[in-house]
Amino acid sequence: MESSSAETNSTGLHLEPQYQPETILAMAILGLTFVLGLPGNGLVLWVAGLKMRRTVNTVWFLHLTVADFVCCLSLPFSMAHLALRGYWPYGEILCKFIPTVIIFNMFASVFLLTAISLDRCLMVLKPIWCQNHRNVRTACIICGCIWLVAFVLCIPVFVYRETFTLENHTICTYNFSPGSFDYLDYAYDRDAWGYGTPDPIVQLPGEMEHRSDPSSFQTQDGPWSVTTTLYSQTSQRPSEDSFHMDSAKLSGQGKYVDVVLPTNLCGLPMEENRTNTLHNAAFLSSDLDVSNATQKCLSTPEPPQDFWDDLSPFTHEYRTPRLLKVITFTRLVVGFLLPMIIMVACYTLIIFRMRRVRVVKSWNKALHLAMVVVTIFLICWAPYHVFGVLILFINPESRVGAALLSWDHVSIALASANSCFNPFLYALLGRDLRKRVRQSMKGILEAAFSEDISKSTSFIQAKAFSEKHSLSTNV
């Protein structure tokens, strides 16, 4: 990987080691989630998969742990991506695969938690029916259907993911239209990549995938310069020649907006002004001849310094792609709202029934475990969906939009943190699982010290036999 100084010498980028506080917090959450979640989920997989008898409950939580374990495996890539300030060194295959795994885990986890809630509700309301129909085979079939539905819902992530290289810097992006990158996936740190947009350029929010801090990087090599920001892309030639490109907004998990400045380019058709000038060979040529009159029309007056800050967060009219709306609201409704309604309804019915029916202590603990798991899931995922919806409608260039983008790294990290909570909840609240873990650890120690234990065991057995024989003789 190239060093910061090497990148600066080759492209004119000025990288600095400082990170935004929100970025540091997000990396800390991701790191803690990986350190705790990977061994925790691995232990649950080992115990529940190999040491415990197959029941309906173990099937539910075993599949849930598989989803969390796979998500934990992807966290180092996310941490490195944040540390590299948006640079994507892993290639296009992982650009498609890693975000797909994250969304796959999101849908699988929420569907499995919903199934657990429904299962417990049926056990309380319909105990006789459950006794006749509730079995391990049915639970496995339901889990298989859940994985299949989750896979179908994450297909758009895999299909539309692409890598985009700009000045030797590869970025992981979503591309909804041929030849045009609708939004970039990750953000750049303003202090690291550059110092904002040139004064003559008016930048408007665009569409990009991963929402994050307002930042930009700028290169000034050759006859033209490129400024890629969290919200927009603008290509500029020296001497006031400026062309506004299709906007692109760095966002998170499918929240992005497309806003194009409706500027008349003095005779140039409006639709031609919306072409991707980064891929326009004529524009990149230094021999492009533009008349003085056209140059005057192409230049944009410099706005006041606080022009954008004074605008309302909802000032601009956003044009959101239809596919973006489908993806965003599908995740919100199918992956959050409907499951939450089902969970709340199930536990409400359980509470009402428990008022009239006496519940044994073990059932109380199992119910408490499920409720805590669901509550933590909601706490982890609610900020992610709330931030995503707000970013669709709030101008990212406003103070409110900038604040949302700054803290969205934290909301994404918090959503990933849900993967490490479940195994520790099992250990704290599940007595049977704690017992199995102790037995498994004892087995490891016995295998490591098999010779000594064998001798000790033989001695104990011999002593017990002699005592028994002596007792029988005395009688």
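Counting starts with 1 at the first residue shown.
Every residue, even glycine, has its Cβ placed from backbone N, Cα and C.
The annotation disulfide bond is assigned in Swiss-Prot to Cys95-Cys172 on the grounds of sequence analysis. The annotation N-linked glycosylation site is assigned in Swiss-Prot to Asn9, Asn168, Asn273, Asn292 on the grounds of sequence analysis. The sulfotyrosine annotation in Swiss-Prot covers Tyr174, Tyr183. Per Swiss-Prot, the feature phosphoserine maps to Ser450; the stated evidence is similarity to another entry. Annotation source Swiss-Prot lists topological domain 'Extracellular' at 1-23, 81-96, 161-331, 392-408, citing sequence analysis. According to Swiss-Prot, the topological domain 'Cytoplasmic' annotation covers 47-57, 119-139, 352-368, 430-475. What Swiss-Prot lists as transmembrane segment is 24-46, 58-80, 97-118, 140-160, 332-351, 369-391, 409-429.
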Looking at the disulfide-bonded residues Cys95, Cys172, which one has the fewest other Cβ atoms within 10 Å of its own Cβ?
-> Cys95
Decide whether the stretches the transmembrane segment (58-80) and the transmembrane segment (332-351) have at least 3 CB pairs under 8 angstroms, with pairs required to be 6 or more apart in sequence.
-> no
Excluding its own, the Cβ atoms lying within 10 Å of the Cβ of Tyr174 (sulfotyrosine) add up to 29
In contact by Cβ distance (the transmembrane segment (409-429), the transmembrane segment (24-46); 3 or more pairs under 8 Å) | yes
Rounded to a whole number, how many Å is the Cα of Cys95 (disulfide bond) away from the Cα of Tyr174 (sulfotyrosine)?
-> 10
Mean of pLDDT values spanning the topological domain 'Extracellular' (81-96) = 85
Among all the protein chains here, how many other CB atoms are within 10 A of the CB of Asn168 (N-linked glycosylation site)?
-> 12
Per DSSP, how many helix, strand and coil residues does the topological domain 'Extracellular' (81-96) have?
-> 9 helix, 0 strand, 7 coil
Once DSSP output is merged into helix, strand and coil, Asn168 (N-linked glycosylation site) belongs to coil
Reported as an integer number of Å, what is the Cα distance between Asn168 (N-linked glycosylation site) and Tyr174 (sulfotyrosine)?
-> 19
